[in-house]
Structures are given as structure tokens and as C-alpha cells.
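Participant: One structure is given below, represented as C-alpha cells, and several questions about it will come after.
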Amino acid sequence: MKLLEDRIHTDGQVLGQDILKVDRFLTHQVDYQLMKEIGKRFAQVYANAGVTKVVTIEASGIAPALYAAESLNVPMIFAKKAKNVTMNDDLLITEVYSFTKKLTSTVQISSKLIEEGDKVLIIDDFLANGQAALGLVHLMEQAKAEVVGLGMVIEKSFQDGRQKLLDQGMKLTSLARIEKFEDGKVIFAPADDKDFD
């Protein structure tokens, strides 16, 4: 998605060899107009997939997932990283490792929110090692829901997450694919949605 790549060039900051800071529009401050366009793009890509729910994980996946759900006219559900007192139903639970935070979290969704046979589009902010996405896939398997696709806002193609998801037979759409960081700059690989630009 050229609009997203341009924004990464303008406001993204490369930290070291494997971190991209995008807190000016995605991971801290949210540019709702850009998120709306991202949501529309995911809805275009998955328009014929019969999506009944959009699922993400808190926190930075919420904005793009919400706009994708709005464009698809379906509910959006986010997996919580901490159980609160109101979550007293049966829970779908798994553990996910965060590459950026370097920690493992237990994530959960109420089993009442995902029904057997739901067709789920999983959206997340970043794809690095694939652990968050695979964790959400595992939650959907527990619910006997079908994952019809995974939409990643930004993918670090130099890490193994993409291959892990493709090896599981998943349909994957990444709107910005980073081939590498070079001299503090982002070098992009062709995005999965290039036919829509």
C-alpha cells in the first residue's frame, strides 16, 4: 500500500537492525485517516471471503481491525492480554511471545464471542516472528472457527513469521513488506496488495 509505505518513510524510525518505530501513526498515536484507508484495503482484499468476524490482539491491532470490521460491516473482537473480573465465561486461551516486548503473554477471548463456523479475518499491526498471529489462529481453532485470512499492516519479511504462516496454509496479506533496513532506511519488498494500488 503506497500510502502506508510513504508514511513509514516519513514518520517511521529504524532502531537497530530489526525494530521499526511507528508510534507517530500506529503504535502510540493513531492516524485515524490512515487506519481507515488500511481497513478499507483489507476489506477490499477479503471482500469475497465471507468474513463474519474480525479478530486482533490488543493494543496496536485494534485501530486497523476496527476499520476493517467497519468496512466489512462485521463485529471486531480483540484478544485481551489480561483477564479482568468481568471475563467470567468460558475462555479461549493461548500464549503468545512478543518480539518487540521480549515477553510471553497469555491472551484470551470469551468463547461466547466466536462461534463454530465463523469466518474470521485476523488483523495485526506487525508480523515479525508470527507468534501473535499463530496464537490468534490457535484461539480460532479452539472455537472451531475458520481463519479465512490474515491481514498485517507491516511485515518484517526478513524474519520468519511469513513463512510460518504460509507453512500453515494461511492466506496472508501484508500492506507493507520490509525487505531490510539499510543505513537507517527502510527497503520495501513488493506488498501483497500491490494490485489494489
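Just so you know, glycine gets a Cβ as well, placed from its N, Cα and C.
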Participant: Taking LYS119, LYS144, LYS156 as the options, which does Swiss-Prot list with LEU20, THR27 at the xanthine site?
Facilitator: LYS156
Participant: In angstrom units, rounded to an integer, how far apart are the Cα atoms of LYS156 (xanthine binding site) and ALA128 (5-phospho-alpha-D-ribose 1-diphosphate binding site)?
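Facilitator: Here the two Cα atoms are 5 Å apart.
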Participant: Return only the integer: C-alpha distance in Å from GLY130 (5-phospho-alpha-D-ribose 1-diphosphate binding site) to LEU20 (xanthine binding site).
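Facilitator: With the alpha carbons as reference points, the distance is 16 Å.
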Participant: List the residues of the same chain that sit at least 6 positions away from THR27 (xanthine binding site) in sequence and have their Cβ under 8 Å from its Cβ, in sequence order, or write 'none'.
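Facilitator: Listed in sequence order: LYS21, SER60, ASP125.
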Participant: Rounded to the nearest Å, what's the C-alpha distance separating LEU20 (xanthine binding site) and GLN131 (5-phospho-alpha-D-ribose 1-diphosphate binding site)? Just drop the number here, would you?
Facilitator: 18
